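Notes follow once the structure below has been shown.
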(Lines of atoms letter the chains of each structure in order from A and count residues from 1; the text may use other names and numbers.)
(Lines give C-alpha, C1' and ligand atoms only; values in the text may rest on other atoms or scores of the structure.)
Protein backbone atom coordinates (compact mmCIF):
# COMPACT_ATOMS: atom_id res chain seq x y z
CA UNK A 1 0.00 0.00 0.00
CA UNK A 2 2.69 2.47 1.06
CA UNK A 3 4.94 1.38 -1.81
CA UNK A 4 2.12 1.88 -4.30
CA UNK A 5 1.41 5.37 -2.97
CA UNK A 6 5.11 6.25 -3.14
CA UNK A 7 5.32 5.06 -6.74
CA UNK A 8 2.21 7.05 -7.63
CA UNK A 9 3.64 10.16 -5.98
CA UNK A 10 6.96 9.73 -7.79
CA UNK A 11 5.10 9.29 -11.06
CA UNK A 12 3.17 12.51 -10.49
CA UNK A 13 6.37 14.40 -9.61
CA UNK A 14 8.14 13.02 -12.68
CA UNK A 15 5.19 13.93 -14.87
CA UNK A 16 5.06 17.44 -13.41
CA UNK A 17 8.79 17.93 -13.95
CA UNK A 18 8.52 16.67 -17.52
CA UNK A 19 5.59 18.95 -18.23
CA UNK A 20 7.43 21.89 -16.71
CA UNK A 21 10.52 21.14 -18.79
CA UNK A 22 8.43 21.03 -21.96
CA UNK A 23 6.87 24.39 -21.11
CA UNK A 24 10.27 25.96 -20.45
CA UNK A 25 11.68 24.47 -23.65
CA UNK A 26 8.67 25.69 -25.62
CA UNK A 27 8.95 29.16 -24.12
CA UNK A 28 12.68 29.36 -24.90
CA UNK A 29 12.07 28.28 -28.50
CA UNK A 30 9.37 30.88 -29.10
CA UNK A 31 10.96 33.03 -31.88
CA UNK A 32 10.96 36.46 -30.22
CA UNK A 33 11.97 35.11 -26.82
CA UNK A 34 14.64 32.90 -28.36
CA UNK A 35 16.07 35.92 -30.16
CA UNK A 36 16.34 37.82 -26.88
CA UNK A 37 17.96 34.85 -25.12
CA UNK A 38 20.51 34.54 -27.93
CA UNK A 39 21.27 38.26 -27.56
CA UNK A 40 21.91 37.69 -23.84
CA UNK A 41 24.20 34.74 -24.63
CA UNK A 42 26.20 36.77 -27.14
CA UNK A 43 26.45 39.75 -24.76
CA UNK A 44 27.77 37.49 -21.98
CA UNK A 45 30.33 36.04 -24.41
CA UNK A 46 31.45 39.57 -25.37
CA UNK A 47 31.63 40.53 -21.70
CA UNK A 48 33.75 37.48 -20.84
CA UNK A 49 36.12 37.96 -23.75
CA UNK A 50 36.84 41.57 -22.88
CA UNK A 51 37.08 40.89 -19.16
CA UNK A 52 39.63 38.16 -19.85
CA UNK A 53 41.46 40.55 -22.16
CA UNK A 54 41.75 43.29 -19.51
CA UNK A 55 41.73 41.34 -16.23
CA UNK A 56 45.42 40.47 -16.64
CA UNK A 57 46.45 44.15 -16.69
CA UNK A 58 46.91 44.46 -12.88
CA UNK A 59 47.86 40.79 -12.42
CA UNK A 60 50.52 39.87 -14.96
CA UNK A 61 53.23 42.51 -14.25
CA UNK A 62 53.22 41.75 -10.53
CA UNK A 63 52.96 38.00 -11.06
CA UNK A 64 55.85 37.96 -13.53
CA UNK A 65 57.87 39.87 -10.95
CA UNK A 66 57.26 37.12 -8.39
CA UNK A 67 58.15 34.25 -10.73
CA UNK A 68 61.11 35.92 -12.41
CA UNK A 69 63.79 33.28 -12.81
CA UNK A 70 67.02 33.15 -10.88
CA UNK A 71 70.41 32.21 -12.23
CA UNK A 72 73.30 30.50 -10.45
CA UNK A 73 76.35 32.76 -10.10
CA UNK A 74 79.73 31.85 -8.62
CA UNK A 75 81.48 34.58 -6.65
CA UNK A 76 85.06 34.52 -5.43
CA UNK A 77 85.67 35.17 -1.72
CA UNK A 78 89.32 36.03 -1.02
CA UNK A 79 91.11 34.76 2.11
CA UNK A 80 93.88 36.86 3.72
CA UNK A 81 97.20 35.42 4.77
CA UNK A 82 98.83 36.07 8.12
CA UNK A 83 100.73 39.05 6.75
CA UNK A 84 97.71 40.52 4.95
CA UNK A 85 98.50 39.05 1.52
CA UNK A 86 95.98 37.05 -0.50
CA UNK A 87 97.21 33.46 -0.19
CA UNK A 88 94.10 31.63 -1.45
CA UNK A 89 90.45 32.19 -2.22
CA UNK A 90 87.22 30.21 -2.24
CA UNK A 91 84.21 30.21 -4.56
CA UNK A 92 80.62 30.24 -3.38
CA UNK A 93 77.48 29.68 -5.47
CA UNK A 94 74.69 32.23 -4.96
CA UNK A 95 71.30 32.79 -6.59
CA UNK A 96 70.98 36.08 -8.42
CA UNK A 97 67.83 37.45 -10.04
CA UNK A 98 67.89 37.90 -13.79
CA UNK A 99 67.78 41.55 -14.85
CA UNK A 100 64.34 42.81 -15.87
CA UNK A 101 65.47 44.93 -18.79
CA UNK A 102 63.26 42.98 -21.18
CA UNK A 103 60.28 42.65 -18.83
CA UNK A 104 58.35 45.47 -20.50
CA UNK A 105 58.87 43.80 -23.87
CA UNK A 106 57.68 40.48 -22.48
CA UNK A 107 54.53 42.06 -21.06
CA UNK A 108 53.86 43.92 -24.31
CA UNK A 109 54.23 40.76 -26.39
CA UNK A 110 52.01 38.85 -23.95
CA UNK A 111 49.28 41.48 -24.19
CA UNK A 112 49.52 41.64 -28.00
CA UNK A 113 49.61 37.88 -28.60
CA UNK A 114 45.83 37.59 -28.23
CA UNK A 115 45.12 40.20 -30.89
CA UNK A 116 47.84 38.84 -33.19
CA UNK A 117 46.43 35.30 -33.22
CA UNK A 118 42.91 36.71 -33.51
CA UNK A 119 44.06 38.74 -36.51
CA UNK A 120 45.61 35.68 -38.17
CA UNK A 121 42.62 33.43 -37.44
CA UNK A 122 39.77 35.68 -38.55
CA UNK A 123 40.03 35.10 -42.32
CA UNK A 124 39.55 31.38 -41.71
CA UNK A 125 36.94 31.63 -38.96
CA UNK A 126 34.86 34.05 -41.05
CA UNK A 127 34.73 31.55 -43.92
CA UNK A 128 33.98 28.71 -41.50
CA UNK A 129 31.09 30.68 -39.98
CA UNK A 130 29.65 31.38 -43.44
CA UNK A 131 29.65 27.64 -44.18
CA UNK A 132 28.27 26.15 -40.96
CA UNK A 133 26.23 28.97 -39.39
CA UNK A 134 26.66 30.92 -36.19
CA UNK A 135 25.85 28.56 -33.32
CA UNK A 136 28.64 25.98 -33.79
CA UNK A 137 31.44 28.61 -34.01
CA UNK A 138 30.02 30.42 -30.96
CA UNK A 139 30.08 27.16 -28.99
CA UNK A 140 33.63 26.45 -30.20
CA UNK A 141 34.70 29.94 -29.15
CA UNK A 142 33.20 29.59 -25.67
CA UNK A 143 34.88 26.19 -25.27
CA UNK A 144 38.30 27.56 -26.25
CA UNK A 145 37.85 30.57 -23.97
CA UNK A 146 36.95 28.24 -21.09
CA UNK A 147 40.16 26.22 -21.47
CA UNK A 148 42.18 29.42 -21.98
CA UNK A 149 40.82 30.84 -18.71
CA UNK A 150 41.55 27.62 -16.82
CA UNK A 151 45.11 27.68 -18.20
CA UNK A 152 45.51 31.27 -17.00
CA UNK A 153 44.32 30.26 -13.54
CA UNK A 154 46.90 27.53 -13.00
CA UNK A 155 49.73 28.60 -15.34
CA UNK A 156 52.97 29.32 -13.47
CA UNK A 157 55.41 30.28 -16.21
CA UNK A 158 55.62 32.93 -18.89
CA UNK A 159 55.40 30.30 -21.65
CA UNK A 160 52.13 28.88 -20.28
CA UNK A 161 50.63 32.34 -19.83
CA UNK A 162 51.66 33.20 -23.40
CA UNK A 163 50.00 30.02 -24.69
CA UNK A 164 46.82 30.79 -22.73
CA UNK A 165 46.73 34.36 -24.04
CA UNK A 166 47.20 33.17 -27.63
CA UNK A 167 44.54 30.50 -27.16
CA UNK A 168 42.14 33.22 -26.05
CA UNK A 169 42.76 34.99 -29.36
CA UNK A 170 41.65 31.89 -31.25
CA UNK A 171 38.53 31.61 -29.09
CA UNK A 172 37.74 35.28 -29.63
CA UNK A 173 38.04 34.87 -33.39
CA UNK A 174 35.24 32.30 -33.21
CA UNK A 175 33.06 33.78 -30.45
CA UNK A 176 33.23 37.50 -31.28
CA UNK A 177 32.69 37.14 -35.02
CA UNK A 178 29.92 34.54 -34.80
CA UNK A 179 28.22 36.42 -31.95
CA UNK A 180 28.03 39.76 -33.76
CA UNK A 181 27.04 38.00 -37.00
CA UNK A 182 24.28 36.12 -35.15
CA UNK A 183 22.85 39.41 -33.86
CA UNK A 184 22.88 40.87 -37.38
CA UNK A 185 21.14 37.75 -38.69
CA UNK A 186 18.44 37.60 -36.01
CA UNK A 187 17.66 41.33 -36.03
CA UNK A 188 16.93 42.11 -39.68
CA UNK A 189 15.11 45.41 -39.17
CA UNK A 190 17.65 48.24 -39.21
CA UNK A 191 16.62 50.08 -36.03
CA UNK A 192 16.36 46.82 -34.06
CA UNK A 193 19.72 45.67 -35.40
CA UNK A 194 21.39 48.94 -34.39
CA UNK A 195 19.87 48.70 -30.91
CA UNK A 196 20.93 45.06 -30.46
CA UNK A 197 24.49 45.73 -31.62
CA UNK A 198 24.57 48.77 -29.34
CA UNK A 199 23.68 46.56 -26.37
CA UNK A 200 26.51 44.18 -27.30
CA UNK A 201 28.92 47.13 -27.51
CA UNK A 202 27.81 48.26 -24.05
CA UNK A 203 28.73 44.83 -22.65
CA UNK A 204 32.09 45.01 -24.43
CA UNK A 205 32.78 48.39 -22.84
CA UNK A 206 31.64 47.25 -19.41
CA UNK A 207 33.87 44.17 -19.58
CA UNK A 208 36.93 46.18 -20.58
CA UNK A 209 36.49 48.82 -17.88
CA UNK A 210 35.38 46.70 -14.91
CA UNK A 211 37.93 43.91 -15.44
CA UNK A 212 41.08 45.66 -14.10
CA UNK A 213 39.61 46.55 -10.66
CA UNK A 214 37.84 43.16 -10.56
CA UNK A 215 41.09 41.32 -11.25
CA UNK A 216 43.23 43.52 -9.03
CA UNK A 217 41.03 43.15 -5.94
CA UNK A 218 40.60 39.37 -6.25
CA UNK A 219 44.29 38.89 -7.04
CA UNK A 220 45.34 40.83 -3.95
CA UNK A 221 42.96 39.20 -1.48
CA UNK A 222 42.29 35.72 -2.93
CA UNK A 223 45.14 34.83 -5.27
CA UNK A 224 45.81 34.70 -9.00
CA UNK A 225 43.56 31.75 -9.77
CA UNK A 226 40.31 33.15 -8.30
CA UNK A 227 39.38 35.79 -10.94
CA UNK A 228 40.09 33.35 -13.76
CA UNK A 229 38.04 30.57 -12.16
CA UNK A 230 35.11 32.97 -11.75
CA UNK A 231 35.31 33.89 -15.44
CA UNK A 232 35.67 30.26 -16.51
CA UNK A 233 32.56 29.33 -14.48
CA UNK A 234 30.50 32.06 -16.15
CA UNK A 235 31.85 30.93 -19.54
CA UNK A 236 30.73 27.37 -18.79
CA UNK A 237 27.23 28.56 -17.83
CA UNK A 238 27.01 30.61 -21.03
CA UNK A 239 27.90 27.56 -23.11
CA UNK A 240 25.30 25.43 -21.32
CA UNK A 241 22.65 28.11 -21.91
CA UNK A 242 23.57 28.15 -25.61
CA UNK A 243 23.10 24.38 -25.83
CA UNK A 244 19.68 24.72 -24.19
CA UNK A 245 18.51 27.26 -26.77
CA UNK A 246 19.99 25.93 -30.02
CA UNK A 247 20.89 22.51 -31.40
CA UNK A 248 24.25 23.25 -33.00
CA UNK A 249 25.03 19.69 -34.06
CA UNK A 250 21.60 18.79 -35.42
CA UNK A 251 21.68 17.34 -38.92
CA UNK A 252 21.47 19.94 -41.65
CA UNK A 253 21.69 19.55 -45.39
CA UNK A 254 24.22 21.55 -47.31
CA UNK A 255 21.59 22.54 -49.86
CA UNK A 256 19.56 24.40 -47.26
CA UNK A 257 22.34 26.87 -46.48
CA UNK A 258 23.05 30.15 -48.20
CA UNK A 259 26.60 30.41 -49.49
CA UNK A 260 28.30 33.51 -48.13
CA UNK A 261 30.49 35.83 -50.16
CA UNK A 262 34.23 34.99 -49.97
CA UNK A 263 36.06 37.19 -47.49
CA UNK A 264 38.64 38.35 -50.05
CA UNK A 265 35.84 39.73 -52.22
CA UNK A 266 34.39 41.63 -49.27
CA UNK A 267 37.82 43.02 -48.39
CA UNK A 268 38.17 44.74 -51.76
CA UNK A 269 34.68 46.23 -51.61
CA UNK A 270 35.34 50.00 -51.32
CA UNK A 271 32.45 50.65 -48.95
CA UNK A 272 33.40 47.85 -46.58
CA UNK A 273 37.05 48.94 -46.77
CA UNK A 274 36.12 52.47 -45.68
CA UNK A 275 34.14 51.14 -42.71
CA UNK A 276 36.95 48.76 -41.71
CA UNK A 277 39.48 51.59 -41.88
CA UNK A 278 37.30 53.75 -39.64
CA UNK A 279 36.97 50.94 -37.07
CA UNK A 280 40.75 50.52 -36.96
CA UNK A 281 41.44 54.26 -36.82
CA UNK A 282 38.99 54.98 -34.00
CA UNK A 283 40.45 52.22 -31.80
CA UNK A 284 44.11 53.18 -32.27
CA UNK A 285 44.11 55.86 -29.51
CA UNK A 286 42.57 53.46 -26.99
CA UNK A 287 44.92 50.61 -27.94
CA UNK A 288 48.02 52.83 -27.78
CA UNK A 289 47.05 54.72 -24.61
CA UNK A 290 46.25 51.67 -22.47
CA UNK A 291 49.90 50.53 -22.17
CA UNK A 292 51.42 54.04 -21.92
CA UNK A 293 49.12 56.37 -20.01
CA UNK A 294 49.89 54.99 -16.53
CA UNK A 295 53.62 55.78 -16.74
CA UNK A 296 52.84 59.20 -18.19
CA UNK A 297 50.41 59.93 -15.34
CA UNK A 298 53.02 58.88 -12.79
CA UNK A 299 55.71 61.12 -14.27
CA UNK A 300 53.56 64.12 -15.18
CA UNK A 301 51.01 64.42 -12.37
CA UNK A 302 52.48 62.10 -9.73
CA UNK A 303 49.31 60.02 -9.86
CA UNK A 304 48.62 57.51 -7.11
CA UNK A 305 48.11 53.79 -7.70
CA UNK A 306 44.33 53.98 -7.26
CA UNK A 307 44.09 56.85 -9.75
CA UNK A 308 46.00 54.86 -12.35
CA UNK A 309 43.81 51.85 -11.60
CA UNK A 310 40.51 53.63 -12.26
CA UNK A 311 41.71 55.82 -15.13
CA UNK A 312 39.27 54.36 -17.63
CA UNK A 313 36.38 53.60 -15.29
CA UNK A 314 34.59 57.00 -15.57
CA UNK A 315 34.70 56.67 -19.37
CA UNK A 316 32.20 53.80 -19.22
CA UNK A 317 29.26 56.16 -18.71
CA UNK A 318 29.96 58.41 -21.73
CA UNK A 319 30.44 55.26 -23.81
CA UNK A 320 26.97 54.05 -22.84
CA UNK A 321 25.62 57.54 -23.53
CA UNK A 322 27.21 57.48 -26.99
CA UNK A 323 25.63 54.12 -27.76
CA UNK A 324 22.22 55.35 -26.57
CA UNK A 325 22.36 58.59 -28.56
CA UNK A 326 23.48 56.83 -31.75
CA UNK A 327 20.73 54.21 -31.47
CA UNK A 328 18.08 56.92 -31.03
CA UNK A 329 19.45 59.05 -33.88
CA UNK A 330 19.73 56.03 -36.18
CA UNK A 331 16.09 55.13 -35.51
CA UNK A 332 14.91 58.66 -36.27
CA UNK A 333 17.40 59.67 -38.98
CA UNK A 334 18.72 56.41 -40.50
CA UNK A 335 20.25 58.15 -43.53
CA UNK A 336 23.03 59.76 -41.52
CA UNK A 337 24.92 56.82 -40.04
CA UNK A 338 28.03 57.99 -41.88
CA UNK A 339 27.71 61.43 -40.27
CA UNK A 340 27.51 60.00 -36.75
CA UNK A 341 30.67 57.99 -37.44
CA UNK A 342 32.50 60.99 -38.91
CA UNK A 343 31.52 63.15 -35.94
CA UNK A 344 32.81 60.43 -33.62
CA UNK A 345 36.18 60.37 -35.40
CA UNK A 346 36.52 64.14 -35.00
CA UNK A 347 35.71 63.89 -31.27
CA UNK A 348 38.31 61.13 -30.89
CA UNK A 349 40.90 63.21 -32.72
CA UNK A 350 40.33 66.35 -30.65
CA UNK A 351 40.31 64.36 -27.40
CA UNK A 352 43.55 62.59 -28.25
CA UNK A 353 45.26 65.90 -28.99
CA UNK A 354 44.16 67.45 -25.68
CA UNK A 355 45.24 64.57 -23.40
CA UNK A 356 48.91 65.69 -23.12
CA UNK A 357 47.77 69.15 -21.97
CA UNK A 358 46.18 67.73 -18.80
CA UNK A 359 48.13 68.33 -15.59
CA UNK A 360 45.99 66.54 -12.99
CA UNK A 361 43.70 63.53 -12.73
CA UNK A 362 40.48 65.56 -12.81
CA UNK A 363 41.44 67.27 -16.06
CA UNK A 364 42.44 63.96 -17.65
CA UNK A 365 39.01 62.43 -17.06
CA UNK A 366 37.37 64.89 -19.49
CA UNK A 367 39.26 63.97 -22.72
CA UNK A 368 39.21 60.26 -21.84
CA UNK A 369 35.43 60.38 -21.46
CA UNK A 370 35.14 62.27 -24.75
CA UNK A 371 37.42 59.69 -26.39
CA UNK A 372 35.19 56.78 -25.37
CA UNK A 373 32.09 58.75 -26.34
CA UNK A 374 33.50 59.17 -29.85
CA UNK A 375 34.42 55.48 -30.10
CA UNK A 376 30.83 54.59 -29.17
CA UNK A 377 29.51 56.82 -31.96
CA UNK A 378 31.76 55.21 -34.57
CA UNK A 379 31.19 51.60 -33.52
CA UNK A 380 27.43 51.89 -33.04
CA UNK A 381 26.94 53.68 -36.36
CA UNK A 382 29.21 51.58 -38.56
CA UNK A 383 28.79 47.99 -37.31
CA UNK A 384 25.15 47.83 -38.53
CA UNK A 385 26.27 49.49 -41.77
CA UNK A 386 28.45 46.46 -42.53
CA UNK A 387 25.42 44.16 -42.32
CA UNK A 388 23.39 46.51 -44.50
CA UNK A 389 26.13 46.60 -47.13
CA UNK A 390 26.12 42.82 -47.26
CA UNK A 391 22.32 42.78 -47.51
CA UNK A 392 22.17 45.09 -50.53
CA UNK A 393 25.34 44.08 -52.37
CA UNK A 394 25.91 40.40 -51.59
CA UNK A 395 24.23 37.48 -49.81
CA UNK A 396 22.83 38.04 -46.32
CA UNK A 397 25.42 35.89 -44.56
CA UNK A 398 27.47 37.88 -42.07
CA UNK A 399 30.37 35.73 -40.88
CA UNK A 400 33.03 37.07 -43.23
CA UNK A 401 32.02 40.73 -43.04
CA UNK A 402 32.18 40.72 -39.23
CA UNK A 403 35.44 38.81 -39.40
CA UNK A 404 36.72 41.86 -41.29
CA UNK A 405 35.41 44.08 -38.48
CA UNK A 406 37.20 41.88 -35.94
CA UNK A 407 40.38 42.11 -38.01
CA UNK A 408 40.06 45.90 -37.90
CA UNK A 409 39.94 45.89 -34.11
CA UNK A 410 42.73 43.32 -33.87
CA UNK A 411 45.11 45.41 -35.98
CA UNK A 412 44.90 48.26 -33.47
CA UNK A 413 45.25 46.04 -30.40
CA UNK A 414 48.06 43.98 -31.91
CA UNK A 415 50.17 47.05 -32.68
CA UNK A 416 49.36 49.03 -29.52
CA UNK A 417 51.11 46.99 -26.80
CA UNK A 418 54.19 46.43 -28.99
CA UNK A 419 54.66 49.82 -30.66
CA UNK A 420 53.22 52.36 -28.22
CA UNK A 421 56.01 52.17 -25.65
CA UNK A 422 58.72 52.44 -28.30
CA UNK A 423 57.03 55.45 -29.92
CA UNK A 424 56.80 57.20 -26.55
CA UNK A 425 60.47 56.42 -25.91
CA UNK A 426 61.65 57.69 -29.31
CA UNK A 427 59.25 60.56 -30.03
CA UNK A 428 57.43 61.33 -26.79
CA UNK A 429 53.93 60.98 -25.37
CA UNK A 430 52.81 64.33 -26.79
CA UNK A 431 53.82 63.41 -30.34
CA UNK A 432 52.07 60.04 -30.05
CA UNK A 433 48.77 61.65 -29.10
CA UNK A 434 49.01 64.41 -31.68
CA UNK A 435 49.69 61.84 -34.38
CA UNK A 436 46.75 59.65 -33.36
CA UNK A 437 44.44 62.65 -33.15
CA UNK A 438 45.49 63.94 -36.55
CA UNK A 439 44.93 60.53 -38.17
CA UNK A 440 41.37 60.36 -36.80
CA UNK A 441 40.48 63.88 -37.91
CA UNK A 442 41.91 63.33 -41.40
CA UNK A 443 40.05 60.04 -41.81
CA UNK A 444 36.65 61.53 -40.96
CA UNK A 445 35.99 62.96 -44.47
CA UNK A 446 36.47 59.47 -45.94
CA UNK A 447 33.08 58.52 -44.50
CA UNK A 448 31.48 60.89 -47.02
CA UNK A 449 32.00 57.98 -49.39
CA UNK A 450 29.24 56.15 -47.49
CA UNK A 451 26.72 58.96 -47.84
CA UNK A 452 24.92 57.58 -50.90
CA UNK A 453 24.92 54.04 -49.52
CA UNK A 454 23.13 55.14 -46.39
CA UNK A 455 20.60 57.10 -48.44
CA UNK A 456 19.63 53.86 -50.19
CA UNK A 457 18.05 52.51 -47.01
CA UNK A 458 14.60 54.07 -47.49
CA UNK A 459 14.90 54.36 -51.29
CA UNK A 460 13.07 51.52 -53.04
CA UNK A 461 13.90 52.95 -56.46
CA UNK A 462 17.63 52.57 -55.92
CA UNK A 463 17.14 49.02 -54.62
CA UNK A 464 15.15 48.24 -57.76
CA UNK A 465 18.02 49.50 -59.90
CA UNK A 466 20.34 47.10 -58.08
CA UNK A 467 17.90 44.28 -58.73
CA UNK A 468 18.26 44.65 -62.50
CA UNK A 469 21.53 42.72 -62.17
CA UNK A 470 19.85 39.89 -60.28
CA UNK A 471 19.27 39.30 -56.59
CA UNK A 472 22.20 39.64 -54.21
CA UNK A 473 20.84 39.85 -50.65
CA UNK A 474 18.18 37.68 -49.04
CA UNK A 475 15.53 40.39 -49.14
CA UNK A 476 16.25 41.19 -52.79
CA UNK A 477 15.98 37.48 -53.55
CA UNK A 478 12.48 37.43 -52.05
CA UNK A 479 11.47 40.48 -54.12
CA UNK A 480 12.74 38.84 -57.32
CA UNK A 481 10.80 35.65 -56.53
CA UNK A 482 7.65 37.71 -56.05
CA UNK A 483 8.22 39.49 -59.39
CA UNK A 484 8.60 36.18 -61.21
CA UNK A 485 5.48 34.84 -59.53
CA UNK A 486 3.46 37.86 -60.61
CA UNK A 487 4.32 37.18 -64.26
CA UNK A 488 3.27 33.51 -64.11
CA UNK A 489 -0.33 32.39 -64.81
CA UNK A 490 -0.61 30.79 -61.38
CA UNK A 491 1.72 33.25 -59.78
CA UNK A 492 0.18 33.36 -56.36
CA UNK A 493 0.77 29.81 -55.32
CA UNK A 494 4.15 29.41 -56.97
CA UNK A 495 5.28 32.79 -55.71
CA UNK A 496 4.36 31.97 -52.14
CA UNK A 497 6.10 28.63 -52.43
CA UNK A 498 9.29 30.30 -53.71
CA UNK A 499 9.32 32.94 -51.02
CA UNK A 500 8.70 30.36 -48.33
CA UNK A 501 11.55 28.28 -49.76
CA UNK A 502 13.96 31.20 -49.49
CA UNK A 503 12.85 31.97 -45.94
CA UNK A 504 13.11 28.33 -44.92
CA UNK A 505 16.63 28.21 -46.33
CA UNK A 506 17.59 31.13 -44.13
CA UNK A 507 15.93 29.62 -41.06
CA UNK A 508 17.64 26.31 -41.67
CA UNK A 509 20.93 28.14 -41.92
CA UNK A 510 20.69 30.19 -38.77
CA UNK A 511 18.97 27.75 -36.44
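FYI, residue positions are counted from 1 along the chain as it appears here.
Heads up, the Cβ atoms here are built off N, Cα and C, so glycines get one too.
Same-chain residues lying 6+ beyond the ends of the transmembrane segment (37-57) with a Cβ under 8 Å from its Cβ atoms: 28, 110-111, 114, 138, 141-142, 145, 148-149, 152, 165, 168, 171-172, 175-176, 179-180, 182-183, 186, 196, 199-200, 203-212, 214-215, 227-228, 231, 234-235, 238, 241-242, 245-246, 290. Residues or ranges marked as transmembrane segment in Swiss-Prot (evidence: sequence analysis): 37-57 (among others).
Feature annotation from Swiss-Prot assigns topological domain 'Lumenal, vesicle' to 58-108 (among others); the stated evidence is sequence analysis.
Feature annotation from Swiss-Prot assigns N-linked glycosylation site to 80 (among others).
What Swiss-Prot records for 83 (among others) is N-linked glycosylation site.
According to Swiss-Prot, the N-linked glycosylation site annotation covers 88 (among others), on the basis of sequence analysis.
The annotation transmembrane segment is assigned in Swiss-Prot to 109-129 (among others) on the grounds of sequence analysis. If one looks beyond the transmembrane segment (109-129) by at least 6 residues along the same chain, the residues whose Cβ comes under 8 Å of a Cβ in the stretch are 53, 56, 60, 137, 158, 161-162, 165-170, 172-174, 176-178, 181, 260, 262-263, 291, 399-404, 406-407, 409-418.
What Swiss-Prot records for 136-156 (among others) is transmembrane segment.
The feature topological domain 'Lumenal, vesicle' is assigned by Swiss-Prot to 157-165 (among others), with sequence analysis given as support. For the topological domain 'Lumenal, vesicle' (157-165), same-chain residues at least 6 beyond its ends with a Cβ under 8 Å from one of its own Cβ atoms are 56, 60, 64, 67, 106, 109-111, 113-114, 148-149, 151.
As annotated by Swiss-Prot, transmembrane segment applies to 166-186 (among others), with the evidence given as sequence analysis.
The transmembrane segment annotation in Swiss-Prot covers 198-218 (among others). Outside the transmembrane segment (198-218) by six or more residues, the chain places 39, 42-44, 46-59, 179-180, 183, 226-227, 230, 309-310, 312-313, 315-316, 319-320, 323-324, 326-327, 372, 376, 379-380, 383 with a CB less than 8 A from a CB of the stretch.
The topological domain 'Lumenal, vesicle' annotation in Swiss-Prot covers 219-225 (among others). Sequence-distant contacts of the topological domain 'Lumenal, vesicle' (219-225) (same chain, six or more residues past either end, CB-CB distance under 8 Å): 58-59, 62-63, 153-154.
Taken from Swiss-Prot, the feature transmembrane segment covers 226-246 (among others), and the record attributes it to sequence analysis.
Per Swiss-Prot, transmembrane segment is recorded for 268-288 (among others).
Taken from Swiss-Prot, the feature topological domain 'Lumenal, vesicle' applies to 289-306 (among others). With a cut-off of 8 Å between Cβ atoms, the residues of this chain six or more beyond the topological domain 'Lumenal, vesicle' (289-306) that come close are 57, 108, 111, 312, 355, 358-361, 364, 416-417, 420-421, 424, 429, 432-433.
In the three-state DSSP scheme, residue 302 (N-linked glycosylation site) is classed as coil. Residues or ranges marked as N-linked glycosylation site in Swiss-Prot (evidence: sequence analysis): 302 (among others).
Only residues 6 or more beyond the boundaries of the transmembrane segment (307-327), in the same chain, are considered here, and those with a CB under 8 A from a CB of the stretch are 58, 191, 194-195, 198-199, 201-202, 205-206, 208-210, 212-213, 216, 290, 293-294, 297-298, 340, 344, 361, 364-365, 368-377, 380-381. Residues or ranges marked as transmembrane segment by Swiss-Prot: 307-327 (among others).
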Query raised in the report: Based on Cβ pairs under 8 Å, which of the stretches 226-246, 268-288, 401-421 lies most in contact with the transmembrane segment (166-186)?
Result: 401-421
**Report entry** Cβ-based contact of the transmembrane segment (364-384) with the transmembrane segment (268-288), 3 or more pairs under 8 Å
**Finding:** yes
Requested in this report: Please work out the helix, strand and coil residue numbers for the topological domain 'Lumenal, vesicle' (157-165) from the DSSP assignment.
Outcome: 8 helix, 0 strand, 1 coil
Query - Chain-internal residues, separated by at least six, CB under 8 A from residue 302 (N-linked glycosylation site) - result: none
Query raised in the report: In the topological domain 'Lumenal, vesicle' (359-363), how many residues does DSSP call helix, how many strand, and how many coil?
Result: 3 helix, 0 strand, 2 coil
